[in-house]
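Everything on this sheet refers to the single structure shown next.
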Amino acid sequence: MDPFNASWWTNMAWHGYSLSEDGTKFCEMLPTKINSFGLSEKILHKSVGLYFWEYPLPNLELIILSVFFFWQFFEILFKMSNIPIPKMPSMMLGCVVINLFSYTRPGSLLHRMFFPDDGRPKVAETGGAFGFVMYWFLKGVSIDVGMLRKTEPRAALIGFNTLVIPYISGYILMRTRKHFGKLAMTELQYQEIILLQSLSSFAGVNGLLTDLKINHSEFGRMVQSCAAVTDLVIFIMVSGTVLLKGQKGLPHGIVIVLVIGFLVYIVWPVMLWIIKQTPEGRLVKDVYIYLVMATAYFVYMFWLNFFQFSTYGWFIIGLATPAGPPLGSALIQRFECFNVGVLLPLFGSLSMEQLDISWLMREILNLKHMEGFAYEAISVILIVTVVKFVVTAITAFAVRIPYRDSIVLAMVLSNRSIFELGYLGYIVELKMFDNKSFTIAALSVLVSSLLTPIAIEFMYEPQHIFSSYRDRNMLTLKHDSKLKTLVCIHKPDHITSMVNFVELFNPTQESKLECNVLHLVELIGQAIPTFISHKMQKPKVGTRSCSRNVITAFLSLRRHLTKEAISIDIFTSASLVEHMHEDLCWLALDKNVALVVLPFHRSWSVDRSTIVSDDKAMQNLNHKVLKRASCSVGIFVYRKPLWESQMHGSCYKVCAIVVGGKDDKEALAFTNRMRRNKQTSVTILHLIPQLTTEESEDSVQKLDYDDIKEIMKTEDSNENDSWICIEKSVKEGAETSVILRSIAYDYDLFIVGRSSGMNSAVTKGLNEWTEFEELGALGDVIASKEFPSRASVLVLQQQQY
C-alpha cells in the first residue's frame with residue numbers, strides 16, 4: 001500500500017478506510033466513520049462520495065429493516081394460510097429471496113447493499129452470531145433439567161438407535177461408493193453431512209416443540225429425552241476421540257471433569273442461592289443478572305479454547321440455570337424479545353448468504369445422469385434421513401408408543417433446525433465445507449424446517465397434549481405405593497375443605513402420601529404471569545405472601561401427621577383465567593400425580609337456602625381439566641367439616657355409590673385407600689339396573705360383587721369385613737333418587753363416579769334434570785340443594801388418555 005498514492009489518501013479522507021490494489025491489505029481510520037453525511041453526498045461529490053448505505057450504521061439499519069420486512073412477510077403469509085411454520089424458516093426464506101435478487105446481476109445494487117466485499121468488519125453478521133449464541137443460552141434457561149433425570153429406558157433406546165443406525169448406514173454408503181468409483185465429495189464432507197443428518201439436537205427439538213406448543217406434553221418430554229440421549233452419545237464420542245489423541249487427550253479429559261465439577265458444585269449452588277435471596281413475587285436484582293451473564297461469557301471463552309463449537313458453553317450455562325421464576329423467567333423476559341426480534345433474524349437470514357444458487361441451477365442438470373457433486377450430496381441426505389425416520393418409528397412402535405405418536409416422534413427427531421444451520425456456518429469457517437457443500441446442506445435444513453411442522457400439525461392430535469403413556473390413576477396404583485395428589489385452591493374458603501380432604505387419607509409409613517398444593521390466583525389487567533414454588537422462594541421479612549394462609553394451613557397439617565408419611569409442596573400460579581388449566585395440567589404431568597382434586601365452583605349457606613358464591617370461571621376451568629388432565633380427576637363438593645362426626649365420638653361414615661364403568665372402579669379404588677383409616681366406616685351401595693326389552697347385558701355398565709371384592713381387597717387379608725356392600729335393584733331414575741334420599745343422613749361423605757349409571761335404568765329421567773354436567777347424574781342429585789343432608793360429595797373421573 002503506497003502512502004503517497006493520492007487515491008489512497010482520498011479514500012481514507014472520504015471513506016474512512018482504504019484497500020490496497022491487490023486486495024491483500026486493509027487500513028481504517030480510528031475512530032471509525034459510521035454515519036453518512038446525508039443523501040446529498042453522492043450527488044455533490046460523484047467521484048469520491050459514498051451512498052448512505054455504504055456507511056456502517058445506515059448499512060446495519062438497512063439490513064435489519066430488510067430482514068425484518070421479509071421475515072414478517074413470510075410469517076404473516078403463513079399465518080394467513082393457516083400453515084404452522086416456525087419463525088426460523090421464515091427468516092431463512094427472507095435471505096434466500098434477497099440472495100436470488102442479488103445474484104441475478106453480479107455487482108448489482110442489492111448485492112453491494114447486502115453483501116459488500118470491502119474488507120470491513122461485518123457488523124450485521126457479528127450481531128447475528130451473537131443472537132445465535134444468546135438464543136442457545138435462553139433455550140438452555142427455558143429447559144427443565146430435572147426432566148432429563150427422568151429419562152426412561154425406552155427413550156434411551158430410541159435416542160441411541162436414531163443416531164447410531166443412520167450414522168452407520170451413511171458410513172456404509174460412503175464406503176460402497178468409494179469402492180465402486182471415484183467420489184465427487186471428499187470423505188470429510190461425507191462424514192459431516194452424515195453426522196448432521198444422523199443427530200437430533202436437543203435444543204433444536206425443544207425449539208420445534210415449543211413453537212408447536214407441545215413441549216410440556218408427555219409426548220414432548222419423551223421426544224426431548226430421546227434427543228438428550230443422542231446429544232449425550234455425541235458428547236461421549238467426541239470426548240472419546242479427544243482422549244485418544246495422544247498427549248492432548250489426558251489434559252482435555254481433565255478439563256472435561258473440571259468443567260462438569262464447576263457446573264455441578266459451584267454454578268448450580270450459586271443459582272439456587274440467588275433464587276433463595278429473591279423474595280417471592282419480587283424481581284431478581286440486576287447484579288445477579290450481570291453475574292450470570294459474566295459466567296456465561298467466561299464459560300464460552302473457556303469452551304472456545306478447549307473444545308469445538310464453543311456455542312455449547314452458553315447452552316450449558318443456560319441448562320445450569322433453574323428454569324422458571326424468578327431467575328430463569330427474569331433472564332428470558334429481559335433478553336428474549338430483543339434477541340428474537342432483532343438479532344436472531346440477522347443470523348437466520350445472513351447465514352444463507354453463502355448459498356451458491358447459480359451453481360445449484362447448473363448442477364441440477366446432472367441429477368438425471370445420477371452423477372456429480374449435487375447428486376451425491378442430495379442422495380446421501382435423503383438416504384440417511386429415510387433410514388433415520390424408519391428406524392425411529394419402528395423402535396418407538398416396538399416399545400409400545402402408539403402408532404400415530406411413533407410417526408410424529410420420527411418426524412420431530414428427523415427435523416433439521418437452527419442448530420444444524422449454526423453448525424454448518426461453523427464448519428464453513430473451519431474450511432471443512434465449501435460453498436457447494438453448504439448450499440446443499442443449508443437448503444436441506446430449510447426444506448426440512450418447512451415441511452416437518454406441516455406434517456406434524458396434520459398427524460398430531462392437540463387435544464391429547466396432556467395425555468400420558470403410563471397409567472396415572474388410583475385403580476392401577478399398587479397397595480404399598482405412594483399416592484401422589486394435586487389439590488387446587490382458588491379462594492380462602494377452599495383451604496379448610498382441602499385440608500380436611502387430605503386428612504381423610506391418614507397417611508402412614510405403609511401408606512405414604514405426596515400432596516402438591518396449587519394456589520390459583522387470577523391476574524387482572526396487564527400483570528405478568530408467574531409461577532412460584534414456595535419450597536424454593538420465601539417471602540421477604542416484613543411482607544405478606546398472597547398464599548400465606550395456604551402455606552400456614554398445610555404446614556400445620558404436616559406437623560400433626562407423621563412427617564415421614566407425608567410430603568407437601570406448595571405452589572402459586574398467577575395467570576389469566578383462560579390459561580389456568582394449562583398450569584394445572586402441566587404441574588400434574590410434571591409431578592406424575594395420580595389424582596387431581598378440584599373444588600366445586602358453587603357453595604351454599606349453612607341451611608342451603610341461598611347461594612354464597614357461583615364462580616363460572618372456576619366451572620369452566622373444571623370442565624377443561626376434566627377433558628385434558630393426564631390423570632384421574634376429582635371434584636369435591638364441600639358442605640360441612642369432614643371430621644364433625646368424630647367430635648361426637650363416632651366413626652366417619654363414607655358411602656361409595658357404584659353401578660359400573662371405569663369411573664365407578666376409580667371410586668372404589670379411592671374408597672379402598674380411605675379404608676386404611678381405622679376411624680372410617682365404609683359402605684358400598686351397588687345399584688343394579690333392571691334391563692328393559694331393548695337393552696342387553698353388554699349394552700349397559702356392569703359391575704358384579706366379585707369385581708367389587710377384587711378392588712376392595714387388601715394385602716393383609718383376602719377377606720376383610722371392614723366394609724359392607726348393599727345391593728339395590730333399580731328400574732328408573734326416580735327410584736334411584738328415592739334410595740339416595742333415604743340414606744342422606746346416614747353418611748358424611750358420598751363418593752361416586754362421574755359416568756356412573758350413564759345410559760342405564762339407574763339414571764333414566766335424571767339426565768334431563770342434571771344441572772352440573774361435571775358432576776354426572778348421580779353426583780348432581782346428591783350435590784343439589786334439594787338433597788336433605790349436608791353431606792359432602794366427591795365425584796371421580798378416571799384417567800382419560
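Note: Cβ is positioned from N, Cα and C throughout, glycine not excepted.
Keep in mind that what you see is a predicted model, and the values were worked out from it rather than measured.
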Select from 312-332, 627-647, 774-794 the stretch of residues annotated by Swiss-Prot as transmembrane segment.
312-332
I need to check the long-range neighbours of the transmembrane segment (154-174): which residues 6 or more away from its ends have a CB within less than 8 Å of a CB in the stretch?
183, 187, 190-191, 193-195, 197-200, 222, 225-230, 232-234, 380, 383-385, 387-388, 391-392, 395-396, 399-401, 409-410, 413
Mark yes when the transmembrane segment (254-274) and the transmembrane segment (287-307) have three or more Cβ pairs under 8 Å (sequence separation 6 or more) and no when they do not.
yes
With the transmembrane segment (438-458) as the reference, find which of 58-78, 254-274, 312-332, 340-360, 377-397 contributes the most Cβ pairs under 8 Å.
340-360
Of the stretches 192-212, 254-274, 340-360, 407-427, which racks up the most C-beta pairs under 8 Å with the transmembrane segment (83-103)?
340-360
Near the transmembrane segment (58-78), which residues from the same chain, at least 6 beyond its ends, have a CB less than 8 A from one of its CBs?
35-36, 52, 84-85, 87, 89-91, 93-95, 97-98, 113-114, 116, 123-124, 127, 342, 345-346, 348-350
What residues elsewhere in the chain lie close to the transmembrane segment (192-212), defined as a C-beta under 8 angstroms and at least 6 residues from its ends?
84, 86-88, 136, 139-140, 142-143, 159, 162-164, 166-167, 170-171, 174, 185, 220, 223-224, 226-228, 230-231, 234, 315, 377, 380-381, 384-385, 388, 412-420, 423-424, 427, 432-433, 437, 441, 444, 452-453, 456-457, 460
Sort out the residues at least 6 away from either end of the transmembrane segment (407-427), same chain, that have Cβ-Cβ distances under 8 Å to it, and list them.
88, 92, 132, 135, 158, 162, 192, 196-197, 200-201, 203-205, 207-209, 219, 222-223, 226-227, 230, 309, 311, 347-348, 351, 385, 388-390, 392-393, 396, 401, 433, 438, 441-442, 444-445, 448-449, 452, 455-456, 459-460
